[in-house]
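As annotated by Swiss-Prot, Mn(2+) binding site applies to His126, Asp149, His151, Asp153, Asp230, Asp232.
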Amino acid sequence: MSTLGHQYDNSLVSNAFGFLRLPMNFQPYDSDADWVITGVPFDMATSGRAGGRHGPAAIRQVSTNLAWEHNRFPWNFDMRERLNVVDCGDLVYAFGDAREMSEKLQAHAEKLLAAGKRMLSFGGDHFVTLPLLRAHAKHFGKMALVHFDAHTDTYANGCEFDHGTMFYTAPKEGLIDPNHSVQIGIRTEFDKDNGFTVLDACQVNDRGVDDVIAQVKQIVGDMPVYLTFDIDCLDPAFAPGTGTPVIGGLTSDRAIKLVRGLKDLNIVGMDVVEVAPAYDQSEITALAAATLALEMLYIQAAKKGE
């Protein structure tokens, strides 16, 4: 079975239309795209409420509400005029085979990166970030991680496929450097001795955005950065449609401002994960995810326009 655009892809949640109504391209490796969007409809590693496999479709669907604005506020330019972005649809794999998903996603990412493309990926549960990190580390070397989440996902439970273990595994594999990595919005228990800088939700909500960004930049330095945003970083008032919601999170306004503040970092890959639309209200979680994804593209476009 091919990785993209297979005629026998029997998923009910794949490949309806592109993010922001961007063109679909099932052969992105040979395209002239700068950034390639890939959906990963996978939720077998979920510990809470399942349904993240429907996340990519929900993000794409609600993104049509964002497609009309050309000179987007407050950027005052159209990202699409500076970046060539294509959507290659969803990863096709044998549903029920977590190992195949992981291997195919890593191979897909490696092929895109070798062709000079950058990736914005939509989960799916947060486990999908691990094969993406493996591919990016092969191409860019050890990276810094900027991680928005309610949970650190550094738990060691011995399970190969678990959306709470990726950032325990990634440092051990040499993919990321915890000493140059930041976890933002955390509000569950975590290990204070694993090297990561944790900016918990209490302090992020109380501190100024510029102050937080300055600390992030200081920690990350000039390392290549992988940016991952678990939508449960947001308070459930702003993102109820997720598998493991935790009260006391960030507002959507604060999250957007923090993402915009990352513009000067050397970001080499990005993802937005853990949207589970079955638990959403009026698509507000999917809209938050789509908006954050769009802001991620805008910070790339802003650098290209300088």
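Any Cβ shown, glycine's included, is placed from N, Cα and C.
Owing to the predicted nature of the structure, the values given are computational and were not obtained by experimental measurement.
The Cβ of Asp232 (Mn(2+) binding site) has 30 neighbouring Cβ atoms from other residues within 10 Å, across all protein chains displayed. Here the Cβ of His151 (Mn(2+) binding site) has 25 other Cβ atoms within 10 Å, regardless of which shown protein chain they belong to. When Cβ atoms from all protein chains are considered, those within 10 Å of His126 (Mn(2+) binding site) total 31, not counting its own.
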